């Protein structure tokens, strides 16, 4: 049985294959993503992998070839689930895995600009490598740690994508100024009260000088990135240096 959320037609649709469909939409059903889902800005289809099992016990896993602990998700069952969900479609096919390529903001933007991905959520000891190869699944990781399954990772990926879809965020500028949007971590944020436990808001932020505020934010973002993510700082894109406009009053 598949569970579709939002029956409105939409150009961006995510399909999730999981053994625990009740985990969705989860946090994607509230706040920005939830409102966008309810109004048809995106669609979420959740399909139970067990629906593709062929025996009376709805078995989806078996012991690892060569021995070892745990169980492995079967290639035949998962392939059938993928084929049923993606018949005739061409779109990204992802599997959440700690051995995958790290998810970056650039990858998120790429996925958000496309038709929407199919995401496989693994469980147990892993997935039979043959279905990863045969169905051209791209392994994606959200960090160097191991979760109980791919569902939480899929939720994180989808949340990151959905907020970039047109009409989801109130101000597109918010997305443009966030961490990683230009290869830097985001600058510190402040709001009222003006003084908190003898700690004031930096004076420059209340000066009204937009150029100085922008320069301060850029400098703070660079300082934070250099200290916390030197790897990111070393590979950040360099800002375009625009030439000053030619003085047309000169001869």
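Backbone N, Cα and C define each Cβ position, glycine as well.
Proximity of residue 146 (S-adenosyl-L-methionine binding site) to non-local residues of its own chain (separation of 6 or more, Cβ distance below 8 Å) is seen for 98, given in sequence order. Look at Swiss-Prot and you will find 122, 142, 143, 144, 145, 146, 147 tagged as S-adenosyl-L-methionine binding site.
Annotation comment: Swiss-Prot describes 226-251 as region 'Disordered'.
Sequence annotations record features per position, and here Swiss-Prot assigns compositional bias 'Polar residues' to 237-251.
A count of other CB atoms within 10 A of each Cβ picks out 142 as the most crowded of the binding-site residues 142, 147. Just so you know, of the binding-site residues 122, 143, the Cβ with the fewest other Cβ atoms around it within 10 Å is the one at 143.
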